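> This is the structure I have questions about; it appears just below.
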Amino acid sequence: MTDAAVSFAKDFLAGGVAAAISKTAVAPIERVKLLLQVQHASKQITADKQYKGIMDCVVRIPKEQGVLSFWRGNLANVIRYFPTQALNFAFKDKYKQIFLGGVDKRTQFWRYFAGNLASGGAAGATSLCFVYPLDFARTRLAADVGKAGDAREFKGLGDCLVKITKSDGIRGLYQGFNVSVQGIIIYRAAYFGIYDTAKGMLPDPKNTHIFISWMIAQSVTAVAGLTSYPFDTVRRRMMMQSGRKGSDIMYTGTIDCWKKIARDEGSKAFFKGAWSNVLRGMGGAFVLVLYDEIKKYT
């Protein structure tokens, strides 16, 4: 193998392993966040049974669905997240060669910053094209509040993908894709762009104390998450439309979804579950730091 191929493989492995570990750890927070986001678009959750907030959700889930239900959809998330994060990190470095080739970060700061934004955004958008159906399935499985058996909308990952494909075709698995691309570019641009720029401005980036790296990563994930959160809420709502027919369809399209959420629920609705997203972001920050640490030994 060439040095470039070895480097690509190391990026793929280091990024994927770090992501799988952290995602499993924060899966309960992830499910709470998703339920708060999509409950208004769920056929299973009637108005009188909607969750009032994070704590209400945390208390009711184990009582109504069992403790293990906190990890509902986690398998799809791990399967999805491994290639997503690994491809993001791997492609990010490839895109950096394109956007940052010959750029001096000390004398051309803004060009360096813009290049990092572009490479991070392009990496995220490229990866999304490959793994979106898994992201879709993860959302629908996590939003399934049935206790067991017939009460469940889907029996598992395979059942979800098959049922939606039968009812809506492959297109159904890509519901909300356009707004997802918009959101992922914004999120990844900040996630990678600001982090790499901040680390690049340190005197000795490769030997930075892990606490400093974590603090930078934590700030980056919080800002990136909040900035792109409304896009995430809209895409999750659109995902809930697949499999519906006639009067059951709540939104005719992405723009209609934006309008109805703002009109019927208010602007705050775009940020439902955002606080749990910040907590979940600690896992994202851990991924960035762990990725850097793993690369030191590979």
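Glycine too: its Cβ is placed from the backbone N, Cα and C atoms.
Swiss-Prot lists Arg80, Lys92, Arg235 with the feature ADP binding site, giving similarity to another entry as the kind of evidence. Annotation source Swiss-Prot lists N-acetylmethionine at Met1, citing similarity to another entry. For Thr2, the entry in Swiss-Prot reads N-acetylthreonine, with the evidence type similarity to another entry. Sequence annotations record features per position, and here Swiss-Prot assigns N6,N6,N6-trimethyllysine to Lys52 based on similarity to another entry. Per Swiss-Prot, N6,N6-dimethyllysine is recorded for Lys52, and the stated evidence type is similarity to another entry. Annotation source Swiss-Prot lists N6-malonyllysine at Lys96 (among others). Marked as N6-acetyllysine by Swiss-Prot on the basis of similarity to another entry: Lys105, Lys155, Lys163, Lys166, Lys268 (among others). Annotation source Swiss-Prot lists N6-methyllysine at Lys147 (among others). Per Swiss-Prot, the feature N6-succinyllysine maps to Lys147 (among others). The repeat 'Solcar 3' annotation in Swiss-Prot covers 212-297. Per Swiss-Prot, motif 'Nucleotide carrier signature motif' is recorded for 235-240, and the stated evidence type is similarity to another entry. Summarising the annotation, Swiss-Prot assigns transmembrane segment to 8-37, 75-99, 110-130, 179-199, 211-231, 274-291 and lists similarity to another entry as the type of evidence.
Relative to the rest of the structure, where do these features sit?
On its own chain, Arg235 (ADP binding site) has Gly176, Phe177, Val179, Ser180, Gly183 as residues at least 6 apart in sequence with a Cβ closer than 8 Å to its own Cβ.
Reduced to three states, the DSSP call for Thr2 (N-acetylthreonine) is coil. The Cβ of Thr2 (N-acetylthreonine) has no same-chain neighbour under 8 Å that is 6 or more residues away in sequence.
Following the DSSP three-state reduction, the secondary structure of Lys52 (N6,N6,N6-trimethyllysine) is coil.
For Lys52 (N6,N6,N6-trimethyllysine), applying a Cβ distance below 8 Å and a minimum sequence separation of six or more within one chain yields no residues.
Just so you know, the Cβ of Lys96 (N6-malonyllysine) picks up 20 other Cβ atoms within 10 Å once every protein chain is counted.
Secondary structure from DSSP puts Lys105 (N6-acetyllysine) in coil.
Sequence-distant contacts (6 or more apart, same chain, Cβ under 8 Å) of Lys147 (N6-methyllysine) comprise Glu64, Gln65, Gly66.
Within the same chain, no residue at least 6 positions away in sequence has its Cβ under 8 Å from that of Lys155 (N6-acetyllysine).
Summarising the environment of Lys163 (N6-acetyllysine), the number of other Cβ atoms within 10 Å of its Cβ, over all protein chains shown, is 17.
Of all Cβ atoms in the shown protein chains, 10 besides its own fall within 10 Å of the Cβ of Lys166 (N6-acetyllysine).
The Cβ of Lys268 (N6-acetyllysine) has 10 other Cβ atoms within 10 Å, all protein chains considered.
Sorting the motif 'Nucleotide carrier signature motif' (235-240) by DSSP state (H, G, I as helix; E, B as strand; all else coil) yields 5 helix, 0 strand, 1 coil.
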> Using the structure shown, find which entry in Arg80, Lys92, Lys105 (the recorded positions) has the sparsest Cβ neighbourhood within 10 Å.
Lys105
> Can you work out which residues elsewhere in the same chain, 6+ from the ends of the transmembrane segment (8-37), have a Cβ less than 8 Å from its Cβ atoms?
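The answer is 1, 45, 51, 53-54, 57-58, 61, 69-74, 77-78, 81-90, 93-94, 139, 142-143, 145, 232-233, 236-237, 272-273, 276-277, 279-280, 282-284, 286-287, 290-291, 294-295, 298.
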> Can you tell me which parts of the same chain pack against the transmembrane segment (110-130), counting only residues 6+ beyond its ends and a CB-CB cutoff under 8 A?
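Tertiary neighbours of the transmembrane segment (110-130) are 83-84, 87-89, 91-92, 94-96, 98-100, 103-104, 177, 180-181, 184-194, 196-197, 200.
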